[in-house]
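Heads up, the thing below is written out as structure tokens.
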Amino acid sequence: MALRFPRFSQGLAQDPTTRRIWFGIATAHDFESHDDITEERLYQNIFASHFGQLAIIFLWTSGNLFHVAWQGNFETWVQDPLHVRPIAHAIWDPHFGQPAVEAFTRGGALGPVNIAYSGVYQWWYTIGLRTNEDLYTGALFLLFLSALSLIGGWLHLQPKWKPRVSWFKNAESRLNHHLSGLFGVSSLAWTGHLVHVAIPASRGESVRWNNFLNVLPHPQGLGPLFTGQWNLYAQNPDSSSHLFGTSQGSGTAILTLLGGFHPQTQSLWLTDMAHHHLAIAILFLIAGHMYRTNFGIGHSIKDLLEAHIPPGGRLGRGHKGLYDTINNSIHFQLGLALASLGVITSLVAQHMYSLPAYAFIAQDFTTQAALYTHHQYIAGFIMTGAFAHGAIFFIRDYNPEQNEDNVLARMLDHKEAIISHLSWASLFLGFHTLGLYVHNDVMLAFGTPEKQILIEPIFAQWIQSAHGKTSYGFDVLLSSTSGPAFNAGRSIWLPGWLNAINENSNSLFLTIGPGDFLVHHAIALGLHTTTLILVKGALDARGSKLMPDKKDFGYSFPCDGPGRGGTCDISAWDAFYLAVFWMLNTIGWVTFYWHWKHITLWQGNVSQFNESSTYLMGWLRDYLWLNSSQLINGYNPFGMNSLSVWAWMFLFGHLVWATGFMFLISWRGYWQELIETLAWAHERTPLANLIRWKDKPVALSIVQARLVGLAHFSVGYIFTYAAFLIASTSGKFG
């Protein structure tokens, strides 16, 4: 018999229905479940796929550089970053009529183009790129790296080059390479680039391959480094009148601690950032050399974990057994990696707007909004993934004997306390926050706005004051001119920092009031509820009150009716599925809040946010409805405009989102009957019945339909909000 898809599962390949195709796609990457898989092949497959992932990333970034160099306006933009709109790439569309061609021809282009809202122009400009030739060079180099990665992936699947399992489980060597090699050396290399290329470029000096060996990054060269006079590198920094990209007002310092922002670009000082990366490099280079590898010195992770005895015996056997549990479970490792990466991605979103690193990006409002939203959504998906793999760990890899009475076992032992506390926190936040919003809503509706319950966030204001914000009048820590912390930092970074935090032209420590207090608690509700569902799904993955032993049922067993006691909504996958809806919901509130507050800030009418954000109708009317006017007006009797594409995307996003419900709210029997009817009609229709199929068509399983519904819901939701965000922001600020 000829081999049928999927080749990795002969059992599935013999399935006579269309289930074969869908289950095949669903389990294609679940290497552990494939026929004849060994631990060694599992690790090698994953290792090789990492090279493929890198190849795709390099190819993609290369494509960004190439298209901007070919079809963009980088060189024109560099001359006037505040007024020229950066072009991402040209649009070729045979359906465009004259009005469309005119609407999308902008940024000094000859034909229709897409405007870039990704911030790449600002990024490339900041790191010292200036010409299209620079961009082409970068694109070629990344293409080369991409090819190298593909070769690397192929090579490590060849018998001679296949790493052994012991190599994959050598935790100390991996830490050494990742901490020192990946983070340490690359941070050091980046410091080198900033000092040798980016900082000179910001002062109007071009350093390229032809002259980098004879241009001194600092007048004193390496002298101060070897004589220990490191402070010389910080002397004579760029002045506050420095024009970025020119020598006017520039200094000679390369590693500084100025604090605050460059007055013209509104971004962090390049010399501060070089200093930061150097410090990070040294930290990680040291950290990577703390663990015992081939040389018999340094710490053994296993010894560290075994030796740690919790005080007073309150955590049982502490970390005993954890080393082998984690080191032998790729799901546990992936869960930890995803949790870390998710948090970092969310931190990137928060810091990219509050402490902008790239020149002029703070004045490109649409890009700021797009980047914040983009990183928060990605963080949400990554974080939910961490819990999904945590749950799979408990089902596939957790061994109770190996972890007796250690911190992991104790988490499981008191999971009911954890889950009930989270549940209580969610209920408390939900009822109180909604209660306040609804009360305020009713007061506004009855024409008595003065009867709203408005709570000042005094603790958060106190924290802002402690960091130096003076407008609240708290006079504490850095906002108190007589304090020791204030005096200690006054000669170094404080003047720049205090200047930045008390200026209204940036997003550092925005002034907050009752509207912020309410939406903060709405977001807290979303975070706690999402966490509740995810934590319960992971901790109950092996067994729960209703179903004490789920081990052999696996991660995503389906809803099986009441016949055998009922298994609806109690697989770990079901918890993940529900959590994603809550995650999207929460990020909706986060991005609505960020965007509305910033729109009013940028337009100079911040009182609109302050007054309208304390009741639900304010959010619906003054944020969503008011800002969607551009989207509802993309096509009208007068033709079209440059926002029309977003108007269509807004509609299309709603369509995709609504399609999700077709999969989420329906019975399998209905679809099965429909499929049978269509198949029957097809087989009895002349000409049509010439086309036959081998697999009997069957309706999607419950789990599959939920996945397809969730995918449509998520994609539609994000498409809709992306169009809203970009159109409403670019429509106002150009």
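Positions of Cβ are set from backbone N, Cα and C atoms, glycine also.
Marked as transmembrane segment by Swiss-Prot on the basis of sequence analysis: 46-69 (among others). Here the transmembrane segment (46-69) has Cβ contacts under 8 Å with residues 31, 87-89, 116, 118, 120-121, 124, 132-133, 135-136, 138-140, 142-143, 145-147, 149-150, 152-154, 156-157, 163, 168, 330 of the same chain, all six or more residues outside its ends.
Residues or ranges marked as transmembrane segment in Swiss-Prot: 135-158 (among others).
Look at Swiss-Prot and you will find 175-199 (among others) tagged as transmembrane segment.
Nonlocal intrachain contacts for the transmembrane segment (273-291), taken as residues 6+ away from its ends with a CB within less than 8 angstroms of a stretch CB, comprise 171-172, 175-181, 183-185, 187-188, 190-191, 194-195, 198-199, 234, 254-257, 298-301, 357. Taken from Swiss-Prot, the feature transmembrane segment covers 273-291 (among others).
Residues or ranges marked as transmembrane segment in Swiss-Prot: 330-353 (among others).
Here the transmembrane segment (369-395) has long-range neighbours at 117-119, 329, 331-332, 334-336, 338-339, 341-343, 345-346, 348-349, 352-353, 530, 534-535, 537-539, 541-542, 550-551, 554-555, 572-573, 575-576, 579-580, 583-584, 586-587, 590-591, 594-595, 598, 718, 721-722, 725-726, 729, meaning same-chain residues at least 6 beyond its ends whose C-beta is under 8 angstroms from one of its own. The transmembrane segment annotation in Swiss-Prot covers 369-395 (among others), and the record cites sequence analysis as its basis.
Listed as Cβ neighbours of the transmembrane segment (417-439) (distance under 8 Å, sequence separation of 6 or more from its ends, same chain) are residues 411, 452-453, 455, 518, 521-522, 524-525, 528-529, 531-532, 535-536, 539, 614-616. Among the features that Swiss-Prot reports, transmembrane segment is placed at 417-439 (among others).
If one looks beyond the transmembrane segment (517-535) by at least 6 residues along the same chain, the residues whose Cβ comes under 8 Å of a Cβ in the stretch are 384, 387, 418-419, 422-423, 425-426, 429-430, 432-433, 436-437, 455-457, 460, 575-576, 578-579, 582-583, 585-586, 589-590, 593, 613-614. Per Swiss-Prot, the feature transmembrane segment maps to 517-535 (among others).
Residues within less than 8 Å, Cβ to Cβ, of CYS559 ([4Fe-4S] cluster binding site) and separated from it by at least 6 positions along the same chain comprise THR567, CYS568, ASP569, ASP574, ILE702, VAL703. In the three-state DSSP reading, CYS559 ([4Fe-4S] cluster binding site) counts as coil. Per Swiss-Prot, the feature [4Fe-4S] cluster binding site maps to CYS559, CYS568.
Under the heading transmembrane segment, Swiss-Prot lists 575-596 (among others).
Positions annotated as transmembrane segment by Swiss-Prot, on the basis of sequence analysis: 643-665 (among others).
HIS654 (chlorophyll a B1 binding site) falls within a helical segment according to DSSP. Per Swiss-Prot, the feature chlorophyll a B1 binding site maps to HIS654; the stated evidence is sequence analysis.
Summarising the annotation, Swiss-Prot assigns chlorophyll a B3 binding site to MET662, TYR670. Taken residue by residue with DSSP, MET662 (chlorophyll a B3 binding site) is part of a helix. Long-range C-beta contacts of MET662 (chlorophyll a B3 binding site), restricted to its own chain and to partners at least six residues apart, with a cutoff below 8 Å, comprise GLY709.
For TRP671, the entry in Swiss-Prot reads phylloquinone binding site. Note on TRP671 (phylloquinone binding site): other Cβ atoms within 10 Å of its Cβ, all shown chains, come to 17. Following the DSSP three-state reduction, the secondary structure of TRP671 (phylloquinone binding site) is helix.
Residues or ranges marked as transmembrane segment in Swiss-Prot: 707-727 (among others).
Cα separation, TYR670 (chlorophyll a B3 binding site) to HIS654 (chlorophyll a B1 binding site), rounded: 25 Å. A Cα-Cα distance of 23 Å separates TRP671 (phylloquinone binding site) from HIS654 (chlorophyll a B1 binding site). TYR670 (chlorophyll a B3 binding site): 10 other CB atoms within 10 A of its CB, across all protein chains. Around the Cβ of HIS654 (chlorophyll a B1 binding site), the same chain contributes GLY716, THR720, each under 8 angstroms and 6 or more positions distant in sequence. The Cβ neighbour count for CYS568 ([4Fe-4S] cluster binding site), using a 10 Å radius and every protein chain shown, is 12. For the transmembrane segment (643-665), the residues of the chain that approach it from at least six positions outside its boundaries are 100, 103-104, 628, 630-635, 700, 705-706, 708-713, 715-724, 726-727, 730-731, judged by C-beta separation under 8 angstroms. The DSSP secondary structure for CYS568 ([4Fe-4S] cluster binding site) is coil.
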